[in-house]
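Student: After the structure tokens below, expect a handful of questions from me.
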Amino acid sequence: MSPNVLRWFSLVALLWLQSINGTNLSFAAYSSQLKEFLSISQFKLNYLSFASDAGKVLGFISGIAAIHLPLPLVLLAGGSLGFAGYGLQYLCIVKKMFTLSFYQIWGLSFLAGNSICWINTACFIVAINSFPVNRQVAVGITASYQALSGKIYTDIVHTFFYSSQREAASGYLLLCSLVPLACCLVTAPMLMREAKAMSFSSRDVNVGFIFLFVVTIATGIYSVATSLLSVPAVLALVGIVLFLLAPLAIPSGVRLEELMSSTRSQQKVYNLEAPIEEDQKKEEVDEKAIVGVREEVEWTKLWKRLDFWIYFGLYLFGPTVGIVFMNNLGQISESRGCAATSSMVALSSSFGFFGRLLPSLLDYFLSRYNHLLALSGYPWIIEYGDGYPKFVYPEITNPDIKSTDPTDEDPDPGTLNFPNIRIRPGCNYSKIVFIHYRNRYMPSSPVSMAVSLVAMVASFLLLLIDSDIALYVSTGMIGVVSGALTSLSVTMTAELFGTKHFGVNHNIVVGSIPIGSFAFGLFAAKVYRDGASLDGRFDGKCFGMYCFQTTLIFWGMLCSVATVLATVLYLRNRKFYSQMR
């Protein structure tokens, strides 16, 4: 199998892995039943919710492991940790095969949460290395599928385990233990560690990603529609499975095209091009990353960077708050008298899918893809989008690129045959390098984050309205914004701290999630408990707007702080981002 086909198969495998890796997104759907199973208070339930996020504290270990171990092994380690974490909980809580203390169950939840980091690390590294020129697009599309996890698990539970709320809760635990491990076993042989150097072929990549965007958007629309409409769970599940299989058409098509091209080549007798001497120097083609890198920072030196602490605070007060909201969505819905808790989880999951996809979609279709071409040491820009490529001598601002004065005459466009590059005999072109420049009208990652956080603040304010419509709209908005922030953060980590140690660095940034999950979730639990005491209830349940009103205002204030931090981060790095345009 050629490297080009293998990297597309790898991308399809990543879609499947991410679609079942968001096991923590299902917690809100069965949290109320789990509370009754264990006979625990809202505070202890919040501790269990925190445990899953706390597992991300040790997520950097998966990044270190990815440096030294084969990626399939890293992937299987993640699946095994989830199998142990959720599986033992299922045997203890549902089957009553043995008894565990609350703290032991907390430890199993911690283990299950850590398993997500291992699978994420393997997926991000494969996406970045397999598509270096389309890094943000590959990462964004694959990450978007993780938001479907809540929807997928809900459809499976409604199909096979929905005779009662109690059975549904047990079904979630069983599925979260078995499905990720099974998917890891199936996809591990399909992973590609890194892309090998190959001739530039924009046509294959463009057609592949455009088709994938169409399938992805259709999947999201179907997911949202089946969440809002009364569709039989079996039908919804079958449709999702078919949409997940659809991307296989891309590697199959690429393989078919290669076979047809090979057949045509064997039938040729003469080469229309002039012969090339055997001792002629072979041209070298390099693909540089689509995302610029400010500097490569080792994870051991990350703590000394002020930008890291600003970024850490941004993630703590921004994306983490969205995750805390999702963890408490079941209690929020119940307190407002909304019985369709699982539907709310499916809705937030579906809109989160579009949110994660949105940054990649905008970057791919709105960016003008400029590539730097170095011919005999002279840099030129090839501008695509206007039909035939035209050559423009650029003003190089990147100090890593050594440029000299151009020749008097522009290079002859006839020397290149697109999409595959062929050098005319007699031309002494020593090296061809492609570098992506962002469109000047595309906002930088910090600016995009700041705008998204403003929308999240508005969503929390909208939740203060006592209306089911406000609840549904706000949940959808927070799902979109949280998804977009998750996708943007992956790109921004690579931009600020490099790709060489990305697996470790990003997991350190994500380590802010358990801190925020504990602190902000604990605050929500205290407000909830105080509301229950006002009702004079002894079962610890609270009903009414006041159960989360103060909490929503507090969460909105935190997002406002994150907006300021995103602005500060942009101002500190505006020179770097201006050079990327």
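Each residue's number is its place along the chain shown, starting with 1.
Heads up, the Cβ atoms here are built off N, Cα and C, so glycines get one too.
Below, the features straight out of TrEMBL:
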- 1-22: signal peptide (SIGNAL)
- 7-251: domain 'Nodulin-like' (DOMAIN)
- 57-84: transmembrane segment (TRANSMEM)
- 105-128: transmembrane segment (TRANSMEM)
- 172-192: transmembrane segment (TRANSMEM)
- 204-225: transmembrane segment (TRANSMEM)
- 231-250: transmembrane segment (TRANSMEM)
- 292-366: domain 'NFD4 C-terminal' (DOMAIN)
- 308-327: transmembrane segment (TRANSMEM)
- 339-358: transmembrane segment (TRANSMEM)
- 432-578: domain 'NFD4 C-terminal' (DOMAIN)
- 447-465: transmembrane segment (TRANSMEM)
- 471-496: transmembrane segment (TRANSMEM)
- 508-528: transmembrane segment (TRANSMEM)
- 548-571: transmembrane segment (TRANSMEM)
Student: State, in range form, which of 105-128, 231-250, 339-358, 508-528, 548-571 has the highest count of Cβ pairs under 8 Å to the transmembrane segment (447-465).
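Tutor: Most contacts with the transmembrane segment (447-465): 548-571.
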Student: Who are the long-range neighbours of the transmembrane segment (231-250) in its own chain, taking Cβ under 8 Å and residues 6 or more past its ends?
Tutor: 8, 11-12, 15-16, 19, 148, 151-152, 155-156, 158-159, 162, 208, 211-212, 215, 218-219, 222-223, 225
Student: Take a look at 57-84, 172-192, 308-327, 471-496, 548-571 and tell me which one has the most Cβ pairs under 8 Å to the transmembrane segment (508-528).
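Tutor: By Cβ pairs under 8 Å, 308-327 leads among 57-84, 172-192, 308-327, 471-496, 548-571.
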Student: At a C-beta cut-off of under 8 Å, are there same-chain residues at least 6 beyond the transmembrane segment (105-128) that contact it? List them, or none.
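Tutor: Same-chain contacts beyond the ends: 10-11, 14, 17-18, 21-24, 38, 47-48, 51-56, 58-59, 62-63, 65-66, 71-72, 74-75, 77-82, 84-86, 88-89, 92-93, 135, 138-139, 142-143, 146, 176, 180, 184, 191-193, 490, 494, 499, 502-503, 506-507, 510.
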Student: Using a Cβ cut-off of under 8 Å, list the residues of the same chain at least 6 residues beyond the transmembrane segment (548-571) that approach it.
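Tutor: Beyond its ends, the transmembrane segment (548-571) has Cβ neighbours at 307, 310-311, 313-314, 316-318, 321, 324-325, 328, 331-332, 335, 444, 446-447, 449-450, 453-454, 456-457, 460-461, 463-464, 520, 523-524, 527-528, 577.
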Student: Could you give the residue numbers and ranges of same-chain residues that sit at least 6 residues beyond the transmembrane segment (471-496) on either side and whose C-beta is under 8 angstroms from one of its C-beta atoms?
Tutor: 124, 128, 135-136, 139-140, 143-144, 147, 289, 291-294, 297, 307-308, 311, 315, 318-319, 322-323, 325-326, 329, 332-333, 336, 338, 344, 347-360, 445-446, 448-449, 452-453, 455-456, 458-460, 462-463, 502, 505-506, 509, 573, 576
Student: Hey, which of 57-84, 172-192, 308-327, 339-358 has the most Cβ-Cβ pairs under 8 Å against the transmembrane segment (204-225)?
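Tutor: By the under-8 Å Cβ criterion, the transmembrane segment (204-225) pairs most with 339-358.
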Student: Let's see if you can do this one: DSSP helix, strand and coil counts over the domain 'NFD4 C-terminal' (292-366), in that order.
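Tutor: For that range the per-state counts are 60 helix, 0 strand, 15 coil.
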Student: Residue counts in helix (H, G, I), strand (E, B) and coil for the domain 'NFD4 C-terminal' (432-578), per DSSP?
Tutor: 113 helix, 5 strand, 29 coil
Student: What is the average pLDDT across the domain 'NFD4 C-terminal' (432-578)?
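Tutor: Taking every residue of the domain 'NFD4 C-terminal' (432-578) together, the mean pLDDT is 84.
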